[in-house]
Amino acid sequence: MRLLNIFTTLCLLLWSGAATNDGLTDVVEWDPYSLTINGDRVFIYSAEFHYQRMPVPELWLDIFQKFRANGFNTISVYFFWSYHEASKGSFDFETSGKNVQRVLDYAKEAGIYVIARAGPYCNAETSAGGLALWGSDGSMGTLRTNNAAYYQSWQPWIKEIGAILAKNQVTNGGPVILNQVENELQETVHSATNTLVLYMEQLETAFRAAGITVPFSHNEKGQRSQSWSTDYENVGGAVNVYGLDSYPGGLSCTNSNSGFSVVRNYYQWFSNYSYTQPSYFPEFEGGYFTPWGGSFYDECQSELDPSFPDVYYKNNIGQRTTLMSLYMAWGGTNWGHSAAPVVYTSYDYAAPLRETRQIRDKLSQTKLIGLFTRVSTDLLKTDMIGNGTGHSVSSTGIWSWVLRNPDTQAGFTVVQQASSGSRASVTFDVYLNTSLGAVTASDVNLNGRQSKILVTDYNFGNHTLLYASSDILTYGTFDVDVLVFYLEQGQIGQFALKTTSKLTYQVYGNSVFAANSSSTSTSQTFTYTQGAGQTVVQFSDGALVYLLDQPSAWKFWAPPTTSNPQVKPNEQIFVLGPYLVRNASISSGVAQIFGDNDNATTIEVYAGSSLTSIVWNGVSLSATKTKYGSYSASLPGTESRVISLPSLTNWESANSLPEKETSYDDSKWTVCNKTTTLSPIAPLTLPVLFSSDYGFYTGQKIYRGYFDGLTYTSINITCSGGLAFGWSAWLNGVLIGGNTGVATATTTNAVLDLTNFTSVIKSENNLVTVVVDYHGHDETSTAKGVENPRGILGAFLVPKPSASTGFKLWKIQGNAGGSANIDPVRGPMNEGGFYGERVGWHLPSSPSLPSDSTPLIGLNTSGISFYTTNFTLALDSDLDVPLGIKLSAPAGTIARVMFWINGYQYGKYVPHIGPQTVFPIPPGIINNQGSNKLALSLWAMTDAGARLTDVELVSYGVYESGFGFDRDWSYLQPGWDEGRLAYA
């Protein structure tokens, strides 16, 4: 460690001059300490966000405002190629949820930077990792290399998306500050002629040709290789700012004591491989995904615990990290068929901001770190002074990181338990070096999985903290300097102000607060025990100090008065109490505050002496001035607001699998007649039955195969649809088997016994109908990735004829229009091949269905039924009421369910696999005021049939909001037209 410190220190000394840039712009620069934007150092606190997972553009701003309010100044965004190029050469960057410019405009409006991640490969648990699905037929060549076919495939994408990103760079007044090239591409061979090196150089050339001038970045896939850093074996393809992805939690949804072991060698890693660049985490664990058959996110308390950000994110700060992006900050929904097979409909990810857009305690704790780093400019240039167990502390049970700014001598000591997963409460002393000599911060307590950042020589406005043992939340410079600390209730805090005067003070609140006898002629020390709620200390020199317990800190807000992502201490207002403060301004003494609230509370605003009144969401509050200069008022909650959700009744229904009957006319279907394929996976039988070879890339597929003869004893069928998929087969309308699916199988085979169906078999024109479910295309972490075929991989009759499969003809049907993207608003991954989908029964204003059966009655045999109902909502326009659909089925039910709200497929429910049973639906997909259409498909996979026991609208919460969720969403909900009948 000592040799490494010496080496790193020498590097930093050699780098003490001007920051480095990419030679194309000096607006964004970097050095070993931090990123610099427009000449100012900035701590990049970034939130990963995927607009594809929220198809309502207006709600992007809702989410961005919540990010900004909770301390983030940046979003990291994947741009999924698959979402924008449904068929080769046909790009869509403008229609509804695919409007990239609106993403960037809303980011700028919200006051946050953008790190652009346009791939072309992204991973992200999205189908095919974001590669265009038209390449699933094998036509892209060798993926993620400099292969000529692959180059020709991705180049138009980079040209198109690159041009949009280029005009939105910070150099042009936009929000884009970094451009990531590719994604977690491991440089396993450091050779200038290696295909990956050549591929990276191709990509960088293409991005530059598209107009990108901001620095390039990349994300190392964990500490597994050393890739694309100019500081380590740079043979070509290196980026400007190296980054390391890390998901270190090791947490278990079923064992809360599992994992929680922090990584303490990040500092060494960055010192070895990117020592001329700032330490950057393009993806750090904001949560983690759960698979089919796993635990649902709401059940995973270990991942949701606010102690995770408190310990892990401060651990990163202790290792000199100044760029950190949380994956995910908001996960969203894998609506339609957009998910990769490793995940199901919900992509909540146990992220700080829930899929429902609700603030979790985890986000509230994450905010405390964001607001601290926003104003702590001395943190942006620090050297490692030392670290280790028992370092600068009185206990070997404590690990510390000690950092110091070489220019200002401000210090930051991060403490955590040496065994980071410990739940013990430990008290110890910390030995600090200050400008006035060594001091001891006594009685520092860590209550289990907790971390603290102690500061020395910390400037806030015209004041300086000699040291503090409490965590700083933030500070502001108003008429006076206002400092905010937080601790858990009952913990002891200590701080010393540098002053030559003997300060007097007034205490407002119930924390026990006192001056220490150890005060000197140059500093004055104070000790307190944190009480419940907030305490305010007003000093005689004008300084104001808020002492908050953790719940109060979670409801503390510092809305900026500037749209600049870089917020100065004098560009904010302090607000305490509400559930959320979106933004605020002050003019002529009036604080105009917009936000959301749930429970009745007291709102307190500190904005300096000019403040005279408070307006909340346009309503003037009866406010009273406090003795220390803030204003407070009662803020009503929503406890008394009545939310009435209708029961889902008056169902209509129809058969959605007429294709299993021999009388069905398939004359317009696509004939499977190919005997060769570009796929790297060889078909098991011919003709090729891979669905992508016939232009059906997404959703369920239906096959009809014909054979003659009475002598066959079985049919051997192999299908692939992604993890947890299933398939069913009918012979002349009678179920003969299939595979109901298991969570761990992507491909399954079954030998379907025909000996019990002799009465069904005919001498000629026997029909086998096969329905194959689809759970997305694989990411490249799975063998051939997107090129792993979907649908039927092989089928033959037994006994197998010597020169054939026994089948004389196969036909295929998939989503209406195939790759034509006939519903551009909802996009290319919304629909599959069920009859009800093809003819548009899920769309608003579609024709009535002939039966009045309900999904609660269901089917008494195998098959697929389609159900629709309409309902009306009348939620008050000033409310945000996150809604969802709850589904349940009797124990032992073997079935597959999908449902659509106003045409959007927003849930896949597989009761025999799980785990999801409740599905959030955002405003814009559902109309909070007005009519809605719910459609549901029920696929009974056995002759026992299937039914549901519950289809219910549910509410996740009620919030009075200043955002405005009562809008005309009709442009997002195009209705049915007769053209759909062509796909019957």
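The backbone N, Cα and C atoms fix where each Cβ goes, and this holds for glycine too.
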Which of Asn21, Asn183, Asn433, Asn445 shares the substrate site with Tyr78, Asn123, Ala124, Glu125, Tyr247, Tyr349 per Swiss-Prot?
Asn183
Among Tyr78, Asn123, Ala124, Glu125, Asn183, Tyr247, Tyr349, the record's substrate binders - longest CA distance, Å:
19
Whole-number Å only: compute the distance from the Cα of Ala124 (substrate binding site) to the Cα of Glu184 (active site, proton donor).
11
Which of Glu125, Glu184, Glu283 (the recorded positions) has the most other Cβ atoms within 10 Å?
Glu283
Spatially speaking, which of the glycosylation sites Asn387, Asn583, Asn599, Asn756, Asn870 is closest to Asn516 (N-linked glycosylation site)? Use C-alpha to C-alpha, please.
Asn387
Need this for a regression test: recorded positions Glu283, Asn583, Asn599, Asn756, filtered to those with Cα within 10 Å of Tyr247 (substrate binding site). What's left?
Glu283
Of all the recorded positions here, Asn123, Asn433, Asn462, Asn673, which one's CB has the most other CB atoms within 10 A?
Asn123
Other CB atoms within 10 A, centred on Cys300 (disulfide bond):
21
Cα-Cα separation of Asn183 (substrate binding site) and Glu283 (active site, nucleophile), in Å?
11
Among the recorded positions Ala124, Cys253, which residue has the fewest other Cβ atoms within 10 Å of its own Cβ?
Cys253
Fewest-neighbour residue among glycosylation sites, criterion Cβ within 10 Å, set Asn716, Asn860:
Asn860
